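Let me begin by presenting the structure, written as C-alpha cells, before commenting on it.
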Amino acid sequence: MLWWLLGAALLARAAGFYLPGLAPVSFCEPGNEQVPDCKPTIELFVNRLDSVESVLPYEYTAFDFCSEEKMKRPSENLGQVLFGERIEPSPYKFEFKKPAVCQSVCNRTYDTSKASDKNKLEFLKKGMLLNYQHHWIVDNMPVTWCYDVEDEQKFCNPGFPIGCYVTEAGRPKDACIVNPNFNEKDAFYIFNHVDITIHYHIVEHEQLGARLVAAKIEPKSFQSPDCSGGPKFLKNKQTGVFDIKYTYSVKFVEDKSIRWASRWDYILESMPHTNIQWFSIMNSLVIVLFLSGMVAMIMLRTLHKDIARYNQMDSVEDAQEEFGWKLVHGDVFRPPRKGMLLSVFLGSGTQIFIMTFITLFFACLGFLSPANRGALMTCAVVLWVLLGTPAGYVAARLYKSFGGEKWKTNVLLTAFLCPGVVFADFFVMNLILWGEGSSAAMPFGTLVAILALWFCISVPLTFLGAYFGFKKAGIEHPVRTNQIPRQVPEQSFYTKPLPGIIMGGILPFGCIFIQLFFILNSIWSHQMYYMFGFLFLVFIILVITCSEATILLCYFHLCAEDYHWQWRSFLTSGFTAVYFLIYAIHYFFSKLQITGLASTILYFGYTMIMALIFFLFTGSIGFFACFWFVTKIYSVVKVD
Ligand SMILES: *[C@@H]1O[C@H](CO)[C@@H](O)[C@H](O)[C@H]1NC(C)=O
C-alpha cells in the first residue's frame, strides 16, 4: 500500500507539478488576430501584506496605496479566507509586450494638520517600521523580488517591502541596508517606484501565443515623479504637507529556457532547503531503525521465549509461578478510569489522523501545490467535516468496550468537545484580529459558514457513526477480566508513569523537529512551503516511531505488572505535542521578532490549536499501536 502510494506520488511529480484547475493563460499583443482567446492585458493583483515581525496581516486597502475600487475582487476559497488571504485588483495594468517607463499610477498628498491624513501616514510608518511586505500576483504567480545573498546565490522573495527605516543612530534596518544612499537619520524611506520585468515564453509549434513564466520586481525610491533624484524619505517627526507619487516601469523579456509547467521552480529552488531535508530524513530513519530493532528484538527473543515458556506450563502449580506480563492477564482489559474522555479523544484523534493522511497524500500528488492558493486548508477543513462518521464510530465502539453506558453524553462530547475547544480558541483569536482591523479576521459570513458546516454536516455524520458504533457488538478481548483488580506493585523510577510518558515523546519529536522548523517558518515567516513529498515521508516516520516507542514502553510496563496501559499509551506518544509546544515557544523567542501584545496572544493562540490537534493525533497513534500489541500478545499465550 505504502509503496503504491509513494509510486503514485512520484509518477504525479514526474508528470508535472500542477494538475487540475490551473490551465495556462495565453497572452498576445493587442490587435493580434492569429491567436484565439488570448489576453492582451496583464492584470496585477495584490494580496494582503504581512510581516515577520507581526502576526497580523493587513489588507492592501488598509494602507493608503494606489487602489482600484471599480473592479470586482476575485472570489476566494475557504482556505484562503481562513489563512487571511485577501486578493484585490490593482491599478497596475500592462499591455503585453508594450514596455513603459516611469508611468504615474497615483499621487497621494498628506497634510499632517488633518487628523485623517495623519492617521494614514502613521499607519504607513508603522508598516515600514515593522517591515510589512507587499505580495503581488501576476497570472496566478507571485511577483518576486530577487536579490543576491552570500556565496553568489540569488534569493527570490515572493514579496517586497513597502519601505524601510533608518534609526536615530543612523543604523539602516531591513531593506535600507542594501542602499548606501539611504542615510538620513530617523527617517522612513518609501519604495514608491517599482521596476517590473515580465518574462514570457512563446509557444511556437502551436498557435498559443505567449505564456508568462516569471514576474520580477525591483522596488525603488525616487524623490521626483519623473523617476530621478534621490530617494523619497519622510522624517519621523516631519509635519506639514507631504506627498508620495507612485510610479512603475515595466519591460518584457523573452525567456526560452523556462517552460510554463516549471515556472515556479526558480522561486522554490532559490530556497536552499533540500540538503537539510535529506539530513533530517536520514536522522529520522536512524531513529526508526533503532526503534524497529528494539521492537523486533523484544518481539522475537523475549516474547517468543516468554510465550514458549508460558505455553509449556500446564499444571496448576506452574501457573502459580506466573511472572511478568502474563501475570496481569486478568487485568489488562479492565476498563480505564475516565473511559469517556479517552474514547472521545480517540474518536477525534482518528478523525484528525485520516484527515491528515488524505490531505498529505493529495498534497504529494501536487493537487495542493502553492499555485493552488488555499487548496491545502480547504481540503483539510472539508475532509475534517466529512470524517465525522469515523470519529463517532471509533468513540462509540471504544466507549462501549470500556463498559460505558452514557452513550448520549459520549456522542455529544465527540461531536462538540475537541472541535468546540478549537473553535472557541479560533473565535477569541478572531475577536482580537477584528479589534486590530487585520485582514486575517474572518468575515462574519465565513464564521457562520463554518458553524453551518460543523453543525449541519459534521455533527449529523458523527451521530451516524456513533449509531453504527453502538449497534455493533463490543470488541472481543482475548482474555477474561478478573472480578477483583490486582494490586499494582511498587514501581521503580523508570517504570513509574510520568518518566515513561516524558521519555516516550522524545524519539518521535526527534524525527520531526527539522521538518517542524520549515512548517513554522512557512506559517510565521511567510515562506512558501512546498515539500509535501518530504512531509508525507515524515508523517509515515512519525506514525512508525510513535507506535514503536509506545509499544516498547507498554511492554516494559506490563512486565512490571502495571496494567494501566490505556491512558498511558495515549499520553506517551501524545507527549510529543508537549515537546512541540516547547519548541514553538523556543521558536517564538529565537526566530521571530514579534512585538506587541495582540501578536503575541495570537501566536500562542494558534500554537495551542496546533498543539491540541497534534496531541490528539499522536496520542491516538500510541493508543492504537499499544491496543494492537496487547491484543496480539495475550491472544498468543494460553490462558487457563
Ligand atoms: C501625479 O503628479 C505628476 C506631477 O507631479 C503628474 O505628472 C501625474 O500625472 C500625476 N498622476 C496622477 C495619476 O494624477
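In case you wondered, yes, glycine gets a Cβ from its N, Cα and C as well.
Marked as signal peptide by TrEMBL: 1-16.
The feature transmembrane segment is assigned by TrEMBL to 278-300 (among others). With a cut-off of 8 Å between Cβ atoms, the residues of this chain six or more beyond the transmembrane segment (278-300) that come close are 507, 510-512, 514-515, 534, 537-538, 541, 544-545, 548-549, 551-552, 555.
Per TrEMBL, transmembrane segment is recorded for 344-368 (among others).
Feature annotation from TrEMBL assigns transmembrane segment to 374-399 (among others).
Summarising the annotation, TrEMBL assigns transmembrane segment to 411-435 (among others). Within its own chain, the transmembrane segment (411-435) is flanked in space by residues 56, 84, 340-341, 343-345, 347-348, 388, 391-392, 395-396, 441-442, 447, 450-451, 454, 458-459, 462-463, 466, 598, 601-602, 605-606, 608-609, 612-613, 616, which lie at least six positions past its ends and keep a Cβ under 8 Å from the stretch.
The annotation transmembrane segment is assigned in TrEMBL to 447-470 (among others).
Residues 52, 55, 273, 276-277, 279-280, 283-284, 287-288, 291, 531, 534-535, 538, 541-542, 545-546, 549-550, 553, 568, 571-580, 583-584, 587, 591-592, 603, 606, 618, 622 of the same chain, all 6+ positions outside the transmembrane segment (501-524), place their C-beta atoms under 8 angstroms from a C-beta of that stretch. Feature annotation from TrEMBL assigns transmembrane segment to 501-524 (among others).
For the transmembrane segment (530-558), same-chain residues at least 6 beyond its ends with a Cβ under 8 Å from one of its own Cβ atoms are 2, 9, 13, 264, 268, 273, 277, 280-281, 284-285, 287-288, 291-292, 294-295, 298, 324-325, 328, 332, 356-357, 360-361, 363-364, 368-370, 494-495, 500, 503-505, 507-508, 511-512, 515, 518-519, 564-565, 568-569, 572-573, 576, 618, 621-626, 629-630. Sequence annotations record features per position, and here TrEMBL assigns transmembrane segment to 530-558 (among others).
Long-range contacts of the transmembrane segment (570-589) within the same chain: residues 342, 345-346, 500-502, 504-506, 508-509, 512-513, 516-517, 520, 524, 546-547, 549-550, 553-554, 600, 603-604, 607-608, 610-612, 614-616, 618-623, 625, each at least 6 residues beyond the stretch ends and with a Cβ under 8 Å from a Cβ of the stretch. Positions annotated as transmembrane segment by TrEMBL: 570-589 (among others).
Residues or ranges marked as transmembrane segment by TrEMBL: 601-630 (among others). Beyond the transmembrane segment (601-630), the same-chain residues lying 6 or more positions past its ends with a Cβ under 8 Å from any Cβ of the stretch are 55-56, 332-333, 342, 345-346, 348-350, 352-353, 356, 418, 421-422, 425-426, 428-429, 432-433, 504-505, 508, 523-524, 542-543, 546-551, 554-555, 558, 565-566, 569-574, 576-578, 580-581, 584-585, 588, 592, 594.
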